[in-house]
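Visitor: Take a look at what Swiss-Prot says about it:
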BINDING   HIS59  O2 binding site
BINDING   HIS88  heme b binding site
DOMAIN    2-142  domain 'Globin'
MOD_RES   LYS8  N6-succinyllysine
MOD_RES   LYS12  N6-succinyllysine
MOD_RES   LYS17  N6-succinyllysine
MOD_RES   LYS17  N6-acetyllysine
MOD_RES   SER36  phosphoserine
MOD_RES   LYS41  N6-succinyllysine
MOD_RES   SER103  phosphoserine
MOD_RES   THR109  phosphothreonine
MOD_RES   SER125  phosphoserine
MOD_RES   THR135  phosphothreonine
MOD_RES   THR138  phosphothreonine
MOD_RES   SER139  phosphoserine
Amino acid sequence: MVLSSADKNNVKACWGKIGSHAGEYGAEALERTFCSFPTTKTYFPHFDLSHGSAQVQAHGQKVADALTKAVVHINDLPNALSDLSDLHAYKLRVDPVNFKFLSHCLLVTLACHHPEEFTPAVHASLDKFFSAVSTVLTSKYR
């Protein structure tokens, strides 16, 4: 999916407003994913998946850091996320549908925390961005 210049601007502006809350939102989105899509828990058998768990918080920060890197390198997602794509495809073997689940939960989390900024245009841009990130992360599965 091609991101237009307006999409890129929307994503950068929204992510800029998230700022220091990115890790917190990443963890919240993970918790939402685990609750809404219980099969996603199978990839984390060694985690304490309870609300506020330090392990979920730490992984939420990793998710946020990866997305921040993607925002910074929005014009070159394949190169920016190549190592992460390798990890998920070859080592972790995460079912690609789980990226869609997490993307949905990220959208819900951002909408809850930033309702005024979460316009239909921003929603569409973020959805396209998360879809592009998911596509890159699953590109090495083939």
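Even glycines carry a Cβ here, placed using N, Cα and C.
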Visitor: Using only C-alpha positions, which one of LYS8, SER36, HIS59 is spatially nearest SER103 (phosphoserine)? These are the recorded positions in the record.
Guide: SER36
Visitor: Do me a favour and check the Cα-Cα span between LYS17 (N6-succinyllysine) and THR109 (phosphothreonine); whole Å is fine.
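Guide: Between the Cα atoms of LYS17 (N6-succinyllysine) and THR109 (phosphothreonine), the distance comes to 14 Å.
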Visitor: Looking only at Cβ atoms, how many others are within 10 Å of the one on LYS12 (N6-succinyllysine)?
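Guide: The answer is 15 other Cβ atoms.
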Visitor: Between the Cα atoms of HIS59 (O2 binding site) and THR135 (phosphothreonine), what distance do you get, rounded to the nearest Å?
Guide: 20
Visitor: By the count of other Cβ atoms within 10 Å, pick out the sparsest of the modified residues SER36, SER125, THR135, THR138.
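Guide: Across SER36, SER125, THR135, THR138, these modified residues, the one with fewest Cβ atoms within 10 Å is SER36.
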Visitor: Highest Cβ count within 10 Å among the recorded positions LYS8, LYS17, LYS41, HIS59, HIS88: which residue is it?
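Guide: Result of the Cβ crowding comparison: HIS88.
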Visitor: I'd like to know which of the modified residues SER103, THR109, SER139 has the most other Cβ atoms within 10 Å of its Cβ.
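Guide: In terms of Cβ crowding, the pick is THR109.
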Visitor: If you measure from the Cα of THR138 (phosphothreonine), which of the recorded positions LYS8, LYS12, HIS88, THR109, SER125 is the nearest?
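Guide: Sorting the recorded positions by distance from THR138 (phosphothreonine), the top entry is HIS88.
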Visitor: If you measure THR135 (phosphothreonine) to LYS12 (N6-succinyllysine) at Cα, how many Å is it?
Guide: 19
Visitor: Find the shortest Cα-Cα separation between LYS41 (N6-succinyllysine) and the recorded positions LYS8, HIS88, THR109, SER139, and name the residue that gives it.
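Guide: Minimum Cα distance from LYS41 (N6-succinyllysine) across LYS8, HIS88, THR109, SER139 lands on HIS88.
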Visitor: Any idea what the model's mean pLDDT is for the domain 'Globin' (2-142)?
Guide: 94
